[in-house]
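Visitor: Dumping the structure here so I can ask a few things about it.
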Amino acid sequence: MLLYRGAPAGPGAPGCGLARPGGGPQAFGIRLSTMSPRYLQSNSSSHTRPFSAIAELLDNAVDPDVSARTVFIDVEEVKNKSCLTFTDDGCGMTPHKLHRMLSFGFTDKVIKKSQCPIGVFGNGFKSGSMRLGKDALVFTKNGGTLTVGLLSQTYLECVQAQAVIVPIVPFNQQNKKMIITEDSLPSLEAILNYSIFNRENDLLAQFDAIPGKKGTRVLIWNIRRNKNGKSELDFDTDQYDILVSDFDTEEKMTGGVTSELPETEYSLRAFCGILYMKPRMKIFLRQKKVTTQMIAKSLANVEYDTYKPTFTNKQVRITFGFSCKNSNQFGIMMYHNNRLIKSFEKVGCQVKPTRGEGVGVIGVIECNFLKPAYNKQDFEYTKEYRLTINALAQKLNAYWKEKTSQDNFETSTVARPIPKVPDQTWVQCDECLKWRKLPGKIDPSMLPARWFCYYNSHPKYRRCSVPEEQELTDEDLCLSKAKKQEQTVEEKKKMPMENENHQVFSNPPKILTVQEMAGLNNKTIGYEGIHSPSVLPSGGEESRSPSLQLKPLDSSVLQFSSKYKWILGEEPVEKRRRLQNEMTTPSLDYSMPAPYRRVEAPVAYPEGENSHDKSSSERSTPPYLFPEYPEASKNTGQNREVSILYPGAKDQRQGSLLPEELEDQMPRLVAEESNRGSTTINKEEVNKGPFVAVVGVAKGVRDSGAPIQLIPFNREELAERRKAVESWNPVPYSVASAAIPAAAIGEKARGYEESEGHNTPKLKNQRELEELKRTTEKLERVLAERNLFQQKVEELEQERNHWQSEFKKVQHELVIYSTQEAEGLYWSKKHMGYRQAEFQILKAELERTKEEKQELKEKLKETETHLEMLQKAQVSYRTPEGDDLERALAKLTRLRIHVSYLLTSVLPHLELREIGYDSEQVDGILYTVLEANHILD
């Protein structure tokens, strides 16, 4: 144990051992570790490339506690020395924060707005700046103070320092005067003596290069040189770029091809363009803006995949696609907290592409679950990292296999063309820095250098106040991937089905007897609006209700599926069951703007135990229901005959669909028997076959065996229920349900005309028919009003959305103005006292100045008076008497000079050099000497 001199050495001595937590330095008594200045050079050697050192300086500007919007990288010539400068418009630093930044291992970065800081070790600036050059000056301002800090190996070598010394000088940002601290004067002297600025004014002039009232500027000189004495960075080849020196020579020496080297390895402009996964700031390299890009959105033939590590609960998105620039640049781009760590990492078939496997494919992944290395150029080689690389290899191989099988090309780099335009085009607004997705495929090279939101062709995203377009989450990607796999399986299953010939009824359907038809009165049917005319009814279910119930259609009553055709008797039962299990029940849409839609009747297929033993020819086809639209005259009393609708006939099914322009009219439902005949079938067969029960059979007619008459179910109960519904709800449950009674009554009237042998009163039926007509007309009016109200509601909703967007815009502008006003306050509240003191001092100085002004005025008056007197005396001197006076004064002056010489010789200590001989001072001195020596007595 090493102790300070004078510290107790015994083990039991008081004060020995480790210090207590919170104790001061006086309680330690143990030597502190020191850091040699040579550590600055050894620490910088962790960066194998100069661009990674530059990335460290850019990371400090991107971190959420700085939030710089613009970074300028430039090369300047100061005193014949090339200097590399980095300037940002961030928050700046106080002298205390600057001291922590120039120290080692101190970091207090926080998470803001779900943005994680990139730096975690507190070492990036030291290692990055010393990797680029030997000396660095930091200029920072935060709205109140200007601070200069020096980190220089040259200075430490000249003063032969034993530790790392960082001179820091603060200045007042208002008057640019140095703030006196205990080390400000020696720090300023050290900076002026050992930096490239030897005057204080030159030092302060560097703050003018920082845009705005806050920001930081880093100036690095003595740029690192190679062994041949040439600068490591090439500033001369490209005036708008910074290149790595002699990269062509290195490639030729290794035997490689120059084009195969990624541009990001030797061009700083290309490196800055992909440094961040989603850039949030503008970078100007040598006074020209860098075209930053989201590399995941700059690929063609993009496919998304997910990776769920076993050591974390979060899924990670992986993006695969083909490069649109150079197919020889391929691999995995691995990011961490939005920052590029490894670029073009070869995995899977890309490691040894014997026949061009994986060439041109780029993968993008953000590995926040991995730990980056100390220099942020690689990840720590752990088990998690190896598992991630293996998973990436498998997924890349699967992507390559899928794309090669789709495109049907040979695995050769020559056979596959390079896509020129990515699948999506994203561009960053130059003002709000938000990313906007442009509709269609647009070549990014055709866009202007400065793009703004109001250039967007999409009207929704033409303002900077509108948030960015939301991307798919990892959960959505998983669902879409699973859905895609299911669609692939379904397509494979449907391929043999499409080759089969769909069968139709070969024999005419049979008519049920009266007794068998009466057994169908216990069945119900529902209707639902169908948007597409190609949608066919495919199934239904039985209802245990004894009569027709006018209710809102329940999802359990019938099921639709637009993906399947009817498969009839000869098809295997297992296939029919599989199709029925895959059917989905669409929900009713009561918010449709049009009140009337096509309505087709779904047919129920109840499957019995022996249903597969009967062929389709043994089944009967009951009356089917379909919409009949009125003509232009709207003659509701005339019922038109329609053709028989067979569910298996494609041409008849298409013929039942009327033109689109008649969709806004009320349909009348007409019941038709499929085929009138006297053939009877077994009742058990009817239960097994498809059926739809819409109308009932009169009891008297059923018992007598007369021809069938169709009447609606429960007419009285239906009328009472409609009256009750209209009393509290003007909108009907369903258009089809409102049309059923009218159509059924029409069928009843026609049935009565055909069966003249019965004595049913026609007058009562006619009254009921007229009443139902009036009810239908009333429902039509109510529906028309409902549509009008819906249109007004939509207009009000659009107006509300418009004013809401305007309110958000004004609110955003208010926030901007309040922020600018807050920034305009040059001094914070803690400086108010200092400002008040300065005001009092200036006020006192003003009072003193006023007093001096008054005194000067009085002296001016006295001088003017004396001048007038002299002018008068001059006039009197011109007379003869004046000439005598002048001669007398001259004699008196000579006499006084002689007396002064005499007094000087007698009294050597007298100083008579500055005495005026025109005044009476010499006379007074002579009188004093004579009186002191008692000569006058």
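The backbone N, Cα and C atoms fix where each Cβ goes, and this holds for glycine too.
In case it helps, Swiss-Prot gives these features for our protein:
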{"type": "BINDING", "residues": "Cys429, Cys432, Cys453, Cys464", "note": "Zn(2+) binding site"}
{"type": "COILED", "residues": "762-876", "note": "coiled coil"}
{"type": "REGION", "residues": "606-637", "note": "region 'Disordered'"}
{"type": "ZN_FING", "residues": "420-472", "note": "zinc finger"}
Visitor: Identify all same-chain residues not among Cys429, Cys432, Cys453, Cys464 whose C-beta atom falls within 8 angstroms of the centroid of the Zn(2+) site's C-beta atoms; report them in sequence order.
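Guide: Other same-chain residues with Cβ inside the cutoff are Asp430, Glu431, Leu433, Lys434, Arg436, Phe452, Arg463.
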Visitor: Say we define neighbours as other CB atoms within 10 Å of the CB. Which of the binding-site residues Cys429, Cys464 has the fewest?
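Guide: Among the binding-site residues Cys429, Cys464, the sparsest Cβ neighbourhood within 10 Å belongs to Cys464.
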Visitor: In the zinc finger (420-472), how many residues does DSSP call helix, how many strand, and how many coil?
Guide: 9 helix, 8 strand, 36 coil
Visitor: Is it possible to get the count of other C-beta atoms within 10 angstroms of the C-beta of Cys453 (Zn(2+) binding site)?
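Guide: Summing over all protein chains shown, Cys453 (Zn(2+) binding site) has 19 other Cβ atoms within 10 Å.
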Visitor: So for Cys432 (Zn(2+) binding site), how many other CB atoms are inside 10 Å of its CB?
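Guide: Here the count is 17.
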Visitor: Across the zinc finger (420-472), what does the pLDDT come to on average, as a whole number?
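Guide: Average per-residue pLDDT within the zinc finger (420-472): 88.
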